[in-house]
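Below is one structure, written out as structure tokens, with a few remarks after it.
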Amino acid sequence: MADTPPPLIELIDLERVFDSSEVPVRALDRVSLTIHEGEFVAIIGQSGSGKSTLMSILGCLDRPTGGLYRLGGIDVASLDPVALAGLRRDTFGFVFQRYNLLAGASAAENVEMPAVYAGQPRHQRLERAHALLDRLGMGARSGHFPNQLSGGQQQRVSIARALMNDPRVILADEPTGALDSASGRDVLALLEALHTEGRTVILITHDRDVAARAERVIALQDGRVVEDSGRPAPVGSDRPLGRPPGGAAYLGMAASFGEALKMAGRSLRANIFRTALTLLGVVIGVAAVVTMMAIGEGSKQDVLTRIQSMGTNLLLVRPGAPGIRPSGTDVSLTPTDAEAVAQLAGMAAVAPERMASGITVRREGIDYRTTINGTWPAYAAAKDWPMAWGSFFDATDLQASAPVAVLGQTVAKNLFPGEEDPVGSYFLVRNVPFLVIGVLEAKGATPFGQDQDDIVLIPLTTAFARVSGGRYLSSLTARVEDATTIDESQAAIESLLQARHGKVDFQVRNTQSLLEMVEKTQNSLTLLLGAVALISLLVGGIGVMNIMLVSVTERTREIGIRLATGARASDILLQFNTEAVAVCGVGGLAGVGLGLGAALAVAEFGLPVRFTPGPPIVAFCCAFLTGLLFGYLPARKAARLDPVVALSAE
């Protein structure tokens, strides 16, 4: 005689106590029963009898607080959450009273869900889903959504989903409770057919007529078994628990990010307005980063370009001891110092300067206040400043203290409005007529915002005699022949002047050091702008987290459905994190586009803008990481939901 196989389900003194109120509620009280492979069992009882709680424990949706539950000889209490998810996915198929279909998924997509978590390839899933729907008379409605189906049709879809992974046990909780009598009879006929195929069917109901369709009836009252109609001869099976016959080994969502992305897209499309609001915060944050960095980089390059336009091989000598800001009245530099510097090796051009600011120049009733600068003919070469019209004064003019002048563009336009070329015209400086012999090309502003074109250049000797008086210099500019030797040239000038003066009463700076200093300052300002913009991205990330937390609350039942069909906590974590990352990724791309557009618009108003690939890439990566970080907390909350609690959510 063959050995009797062990029961598929064995309960010994099973208890379930809920401590949610002041008085503990004992939903199940020392329930003991066995169910063998292939049985059709109806568990009947009135509301509050504990039948639904028993079904949740049988289907591994809930855990007992006492007693023993063996499934195929295995103590279920010894299984970890991943193993329990495997049982829900492969061993049990759930048919719920309220159908529990995902509203945003079609009939076929609802049916294939357990196979998604089983790691089956998409074409196999769809093929089996359509085959099951055809078998249940729903083939023509495989693309319909739940709200387009009747109650009976939705329950058929639910049964097809339960069969997707070819489970050993069908758990049907009040499957006819929400159906009309005709649809109810059809559903019961389907359950009977599944039993005939050899599956174990456990039917939960409060209706005696429905229970009569089963081969065995177990009645519960106040959490206890009060009736058991008997036990048919066991059938037995050598099918292992936890994997559908012929199915793929469980790969999990972690190995199928594409599936998680598809689910995320479906969920996000289900509430376009909320998704758009979530996107908006990220878009604005990324756009702010891209725009501000483009403006900051543009401003930096504008300033650096202005310094470079002066030349990176210039040495600027000013009177006054180092560490003390020049006052403009220091008299430590003289023309003879300039002559001595010009004799040093490696000097391409040397130009002493005697400035007088706020001088009024006049022409035919037009008064204009400007700066008059007395200098040498080498000034144009030292400053690398070409002529627009006319010529620069020469050594003869310098020797004769000639009343001749070269105008900057700003002075020329204000003193000679409407005249393209004022060369040959006269204007007055302190009632002394000066002849315009040339006009410089436009130079623009200095790095510090001073208009370089607002200047009148005259011979140094003329400035001493007719404008400023005295014989001292405001500054001295020296251009070296080779920029690589600028440090050596600076040291030579410092040694020369210290030897001539007997002390260090001057300051020497080179434009290269100035360039480096300004570049550091501008980099700091650019980073500051970027940091301010990143704050808006941070705010957008907090918005993503808030919306995702709301989404988890609203979709608690969906999470319960996914857990009931075999999703692991890691699958739920991946899905909701993927949704957050998808939102931030799309928002990041849109933000980069908006930021580039905004920067171009700003450039139309004259602000300097410079695009580099770095800021958009960094901004997008920050948006992506924002989704990852701020989406984790809501995703973790979703992943930690209890299946039975999630399923009971409204």
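Glycine too: its Cβ is placed from the backbone N, Cα and C atoms.
As annotated by Swiss-Prot, domain 'ABC transporter' applies to 9-248.
The annotation ATP binding site is assigned in Swiss-Prot to G45, Q46, S47, G48, S49, G50, K51, S52. Every protein chain shown contributes to the tally, and the Cβ of K51 (ATP binding site) ends up with 26 other Cβ atoms within 10 Å. Taken residue by residue with DSSP, K51 (ATP binding site) is part of a helix.
As annotated by Swiss-Prot, transmembrane segment applies to 276-296 (among others).
According to Swiss-Prot, the transmembrane segment annotation covers 525-545 (among others), on the basis of sequence analysis. Below 8 angstroms of C-beta separation, residues 277-278, 280-286, 288-289, 291-293, 295-297, 299-300, 580, 583-584, 587, 615, 619, 622-623, 626-627, 629-631, 633-634 of the same chain, each at least six residues beyond the ends of the transmembrane segment (525-545), sit close to that stretch.
Through the fold, the transmembrane segment (580-600) approaches residues 261, 264-265, 268, 275, 278-291, 294-295, 540-541, 544-545, 548, 609, 611, 616, 619-620, 622-624, 626-628, 630-632, 634-635 of its own chain, all at least 6 residues removed from its boundaries and within a Cβ separation under 8 Å. Per Swiss-Prot, transmembrane segment is recorded for 580-600 (among others).
Long-range contacts of the transmembrane segment (615-635) within the same chain: residues 282, 285-286, 289-290, 293-294, 297, 530, 534, 537-538, 540-542, 544-545, 548-549, 551-552, 572-577, 579-585, 587-589, 591-592, 595-596, each at least 6 residues beyond the stretch ends and with a Cβ under 8 Å from a Cβ of the stretch. The annotation transmembrane segment is assigned in Swiss-Prot to 615-635 (among others) on the grounds of sequence analysis.
Around the Cβ of G45 (ATP binding site), the number of neighbouring Cβ atoms within 10 Å comes to 24. Apart from G45, Q46, S47, G48, S49, G50, K51, S52, the residues listed for ATP, the same chain places the Cβ atoms of H206, L220, Q221 within 8 Å of the centroid of those Cβ atoms.
Among the binding-site residues Q46, S47, S49, S52, the residue whose Cβ has the fewest other Cβ atoms within 10 Å is S47. Classification of Q46 (ATP binding site) by DSSP places it in coil, neither helical nor stranded.
Every protein chain shown contributes to the tally, and the Cβ of G50 (ATP binding site) ends up with 24 other Cβ atoms within 10 Å. Regional average pLDDT for the domain 'ABC transporter' (9-248) in the model is 87.
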